[in-house]
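Here's the structure we're looking at; comments come further down.
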Amino acid sequence: MRQTLPLLLLTVLRPSWADPPQEKVPLFRVTQQGPWGSSGSNATDSPCEGLPAADATALTLANRNLERLPGCLPRTLRSLDASHNLLRALSTSELGHLEQLQVLTLRHNRIAALRWGPGGPAGLHTLDLSYNQLAALPPCTGPALSSLRALALAGNPLRALQPRAFACFPALQLLNLSCTALGRGAQGGIAEAAFAGEDGAPLVTLEVLDLSGTFLERVESGWIRDLPKLTSLYLRKMPRLTTLEGDIFKMTPNLQQLDCQDSPALASVATHIFQDTPHLQVLLFQNCNLSSFPPWTLDSSQVLSINLFGNPLTCSCDLSWLLTDAKRTVLSRAADTMCAPAAGSSGPFSASLSLSQLPGVCQSDQSTTLGASHPPCFNRSTYAQGTTVAPSAAPATRPAGDQQSVSKAPNVGSRTIAAWPHSDAREGTAPSTTNSVAGHSNSSVFPRAASTTRTQHRGEHAPELVLEPDISAASTPLASKLLGPFPTSWDRSISSPQPGQRTHATPQAPNPSLSEGEIPVLLLDDYSEEEEGRKEEVGTPHQDVPCDYHPCKHLQTPCAELQRRWRCRCPGLSGEDTIPDPPRLQGVTETTDTSALVHWCAPNSVVHGYQIRYSAEGWAGNQSVVGVIYATARQHPLYGLSPGTTYRVCVLAANRAGLSQPRSSGWRSPCAAFTTKPSFALLLSGLCAASGLLLASTVVLSACLCRRGQTLGLQRCDTHLVAYKNPAFDDYPLGLQTVS
């Protein structure tokens, strides 16, 4: 019996040894329960298979056909991307074990149910749920995600926002509701208190709101009043938006950017609504349906950039205010923005014009009209010396306190009239007088023909009056009525001398005597070369001058800000709704055993920040991510590296559209490899060990040599004791016999 049992065991085990190796069948399979207690869960392979080590900080699970998030995710995760999967529901309590999670991206899933509530990640600041199947948002019962700053719901079939829909997020700063179904249907839209907090107070933290691609017909003051800190409002590609009017911006004084481009139904903008936005900097209305764009009171000290390209504008001098004061307003693509004449119009607006031509056309038309309607104001005796007008036709002057820092100001009185046709000039009040009718009768000779005409008049011993620098010109009531609250740079040359002003004449003739009640108008050269040089010194650079911008300079001011400040030219940049190009990684310097400094160059794209991803060679799954880096940075240190290790590092650019995609090759590759130096501690330990070994070897060798030397000394002493004399010869002396 004892011999039979081993034989049976050998017989049973023999096929497993002889057959080829087969796939191992696990003894246990891991099963996972549904997210909200689903009982119909089949046994599946472990979802944790292939996940990185427990200390990973960033993980991408895109395109894995996941129906739920794995429950064995590393607790150290800070960024999780599970886009393009089959997720159907999300509950914040499921993510409670990810205490360090900050960014969660779940774009392009099938999420149709949300549950806000306590127990979610306390540090989560970015949640992207774009392009899912959310038809409604769950009610907020408390501050579920108190640290959430950015929420993206773009592309969801949301039809309405209920009151206090975002009260769960008291720190929310950016909300993307673009391409949703808001406004579609009878009950669709935004409720009156949709952006109110838990206690009904305004959502004071929200700064950026994107409603592009929705079906809203208008912006209602009932819901926008709860956004007092709003700085950017995006209303792009809205097919039903028809008008902007009312007191919609009364409670949003911090608004800086309004983007309504590509909204084809937008036909009316009551521009006076912008009087409540003193910090306004950008207005984008390209490719809308606007026919006019009247001025309003500009109280802002910022330079306002306006884009009206692609609108069916009607030619009128009412639009010339956009080009009057380049220090206050900048019209983008003025040469490409066209206006068409009104039906049945004649005169200067008989054909289509670009808006850049309006000032010259309006100036020529106003000069001719005023010259024909006011001939009694010009008498020959005074005209040769300086044009004078009666008090009823007093020239427009600059407001009191406005300083002029050029020696010769351009004489553009007629241009001032053309720039403000909405003033009392249309009501019969005589505006500022023009110079010479002959000099301005034809706009085709502007400006040199006008200068020639004035030169001929000055040849008749007319004194040339020149304003000294830093002259303060006080305003008259008529000038204030004409200009209203819009100070302009064109009216600097037309001023009435005040007691504080200094004037001097050329030596050819004395100052002309003025009749009582007359006000002098100074005739100066228009656009002389000397004047242009001085303008360039005291004014802002020309638009054709490239900006002082280098894409690789650390802490480089963004080119858009340089352009607003200096009126210079920036390189072409892709929009903020386009995924940015990858940065160009310059290299890695200052490499030590545990740190390195990464350098890169900015791409030709709008960038809101950068991100650095790096991993040790052979450990691509265990990738570390450096959070959002400021857009002005061009270098960033990496710490906590392992000594003597080769790393692969990539720099990514980020904007509203997402992160740039790294290129595998090319001179603009955003990735590079570098190796850290060996540890100094290990090197010192090795040197110490080698030194100790050498010392020990030296001691042992010395001991061996000493011992051997002693042995040789004893042997030499024994040799000296040996007698070489045979004692036998002492008793028997040797006798030498002589052979005869």
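Along the chain as shown, the residues are counted starting at 1.
Glycine is no exception: its Cβ is also placed from the backbone N, Cα and C atoms.
If you look up Swiss-Prot, you'll see Asn42 (among others) marked as N-linked glycosylation site, on the strength of sequence analysis.
Under the DSSP three-state reduction, Asn176 (N-linked glycosylation site) is assigned to strand. Long-range neighbours of Asn176 (N-linked glycosylation site) (same chain, six or more residues apart, CB within less than 8 Å of its CB): Ser130, Ala150, Leu151, Ala152, Leu153, Ala154, Asp210, Arg656. Residues or ranges marked as N-linked glycosylation site in Swiss-Prot: Asn176 (among others).
Around Asn289 (N-linked glycosylation site), the same-chain residues at least 6 positions away in sequence with a Cβ under 8 Å from its Cβ are Pro264, Ala265, Leu266, Ala267, Asn311, Pro312. DSSP assigns Asn289 (N-linked glycosylation site) to coil in the three-state reduction, placing it in neither a helix nor a strand. If you look up Swiss-Prot, you'll see Asn289 (among others) marked as N-linked glycosylation site.
For Asn379 (among others), the entry in Swiss-Prot reads N-linked glycosylation site.
Marked as N-linked glycosylation site by Swiss-Prot on the basis of sequence analysis: Asn442 (among others).
For Asn622 (among others), the entry in Swiss-Prot reads N-linked glycosylation site. In this structure, Asn622 (N-linked glycosylation site) belongs to neither helix nor strand by DSSP; it is coil.
As annotated by Swiss-Prot, region 'Disordered' applies to 389-517.
Same-chain residues lying 6 or more positions outside the repeat 'LRR 1' (51-74) and placing a CB less than 8 Å from one of its CB atoms are 32, 34-35, 80-88, 94-95, 97-98, 100, 613, 621-625. According to Swiss-Prot, the repeat 'LRR 1' annotation covers 51-74.
Through the fold, the repeat 'LRR 2' (75-97) approaches residues 35-36, 54-69, 103-121, 124, 129, 144-145, 625, 627 of its own chain, all at least 6 residues removed from its boundaries and within a Cβ separation under 8 Å. Sequence annotations record features per position, and here Swiss-Prot assigns repeat 'LRR 2' to 75-97.
Long-range contacts of the repeat 'LRR 3' (98-123) within the same chain, counting only residues at least 6 positions beyond its ends with a Cβ under 8 Å from a Cβ of the stretch, are 57, 73, 75-92, 129-135, 137-138, 140-142, 144-147, 152, 168, 627. The annotation repeat 'LRR 3' is assigned in Swiss-Prot to 98-123.
Per Swiss-Prot, the feature repeat 'LRR 4' maps to 125-144. Model confidence over the repeat 'LRR 4' (125-144) stands at 87, taken as the mean pLDDT rounded to a whole number.
A Cβ distance under 8 Å defines the sequence-distant neighbours of the repeat 'LRR 5' (145-168), meaning residues of its chain 6+ beyond its ends; these are 92, 107, 116, 120-137, 139, 174-182, 184-185, 187-198, 200, 203, 205-206, 210. As annotated by Swiss-Prot, repeat 'LRR 5' applies to 145-168.
Taken from Swiss-Prot, the feature repeat 'LRR 6' applies to 174-197.
Nonlocal intrachain contacts for the repeat 'LRR 7' (203-226), taken as residues 6+ away from its ends with a CB within less than 8 angstroms of a stretch CB, comprise 149, 154, 166, 170-184, 188-197, 232-252, 259, 656. Residues or ranges marked as repeat 'LRR 7' in Swiss-Prot: 203-226.
The repeat 'LRR 8' annotation in Swiss-Prot covers 228-251.
The feature repeat 'LRR 9' is assigned by Swiss-Prot to 253-276.
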Counts by DSSP class (helix H/G/I, strand E/B, coil) across the repeat 'LRR 9' (253-276): 6 helix, 5 strand, 13 coil
Number of other Cβ atoms within 10 Å of the Cβ of Asn622 (N-linked glycosylation site) across all protein chains: 17
Within-chain partners of the repeat 'LRR 6' (174-197) [C-beta distance under 8 Å, separation at least 6 from its ends]: 130, 149-167, 203-204, 206-217, 220, 222-224, 226-227, 234, 236, 240, 656
Counts of helix, strand and coil residues, the repeat 'LRR 3' (98-123), according to DSSP: 0 helix, 6 strand, 20 coil
Helix, strand and coil totals (DSSP H, G, I; E, B; other) for the repeat 'LRR 2' (75-97): 4 helix, 6 strand, 13 coil
